[in-house]
Amino acid sequence: MKIHDFSGGFFFEPSTKQLKKLFAVKNENVFIFEPKTVTIPFDQHIGAPNELVVTIGDNVRQGQIIAKSSADISGHVHSSVSGTVLEILEVPTFDGETQRAIKIQCANEKTLPELIPADLAPEIAVRHAGIVGLGGATFPTHIKLDPADHIEIEAVILNGAECEPFLASDDYLMRYESRKILRGGELARQIIGAKKILVGIESDKPKALAAMKKAAKAIPECFVFALPVKYPQGGEGQLLETLLAKESPIDGRSVETGGFTINVATAFAIAEAVDARKSLTHRYVTITGDVAEPKVISFPLGSSVGDLIDYCGGFIGTPSRVIHGGPMMGKTITNLDFPLAKGSNGIIVFNQEHDGKLPESPCIRCNRCVTVCPVRLEPQSIDLAYRSGDLFTCDQLMAEECINCGCCTYVCPARRDLAAKISAAGNEIKSLKKELAANEK
Ligand code: SF4
Ligand code: SF4
């Protein structure tokens, strides 16, 4: 099978490569973090809000459901530790707002986790386990595993590209849990009736590639591909273009290409739910940048950013920015109490020496942002329209199609914060359209 190229994107420049080296996780193993308390957000998914099902003072077990909704598009939340419910409180979100969360004091003694009921059909076990897209999308996986009947799916595509610079969580998971990841891929293949399993991994992860290729030998119609190190190779649309040479329809769903994509961490969680009856209570996260000892850590959901940075030996120098996610698509967090959740795959710290944020200047019409945009938008035109309050033009220029990859911002010599503006335009257009539709009813 031939690998194809996707449109737009870019290969990292030398300065980023140097930082990548500096920020690389050097330990071979994954660390296990055990906090004293966790603060678990009620809602860690895209969809209907959850309701609390425990009260203050309750003793809970790891794996016990603590918040859920009866709506289809929702994701149960489980206690990630055994302990006592201390408090229901509001904790910070990215956008300066707050969200509801449950604070749990961890028990001193270890107890066995509560397991998912036995003999559930795999797709029901996935729902029970609260699995959502762990590449960052956080869309409920049980819904994704139920594509419309008329869609014929050629391949389950396991996304191990992990193209954001500095992140290594999926890399480590693939090195150490390759069999379970592929087992999750097999289960997804069974549920949706696909023929093949294709795994895409960027070629700068040789150990992950070797482990996955070895494990794939035992599985029929399962193929592992080394992909070029090109950002955003791990975007769903870009991976489909690379492996199937098909573009996602603008007004349709990506699965209509015949490719059903899930992140390798999601596949791992599916195998854990179906075979070991474990709910989603832990995940891997990369803590790197200007911290004393960058690490990949398995942490219970609800651990705080501050606790994990301390676990990595604390800051080096004066911290300037702490980013949740990768440097391209991640969001700056301003409160170290921020709790890590299902969608948390990385924390990157930049100190004042490495945070080269310079002021933006007017657009010089160099067209670089247009060249790199993987969805063929005109970032500079949308940016100008948005800044002048012209949402109509933003809509004409299809701002809603932006995948927020950050390529345009990265290459802009005028340092214009294009991705943030285009994403804001897209969100405002979506809200306006929703409002209009509601008024028409
Ligand atoms: S952030 Fe949006 S507009 Fe900018 S390059 Fe990515 S997809 Fe295109
Ligand atoms: S990359 Fe920056 S300067 Fe160049 S056209 Fe786009 S917005 Fe203008």
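Using N, Cα and C of the backbone, Cβ positions are placed for all residues, glycine too.
Residues C363, C366, C369 are recorded by TrEMBL as [4Fe-4S] cluster 1 binders, and the candidate that the same record lists for that site, out of C312, C405, C412, is C412.
Site annotation (TrEMBL): [4Fe-4S] cluster 2 is bound by C402, C405, C408, and the candidate from C373, C394 recorded at this site is C373. Counting only the Cα atoms, the space from C366 ([4Fe-4S] cluster 1 binding site) to C408 ([4Fe-4S] cluster 2 binding site) is about 12 angstrom. In this structure, the C-alpha atom of C369 ([4Fe-4S] cluster 1 binding site) lies 13 angstrom from that of C402 ([4Fe-4S] cluster 2 binding site).
The DSSP breakdown of the domain '4Fe-4S ferredoxin-type' (354-383) into helical (H, G, I), extended (E, B) and coil residues amounts to 10 helix, 0 strand, 20 coil. Proximity of the binding-site residues C363, C369, C373, C402, C412 to ligand 2, judged by a Cβ distance under 6 angstroms to any of its atoms, singles out C363, C369, C412 in sequence order. A Cβ distance below 6 Å to any atom of ligand 1 is met, among the binding-site residues C363, C366, C373, C405, C412, by C373, C405.
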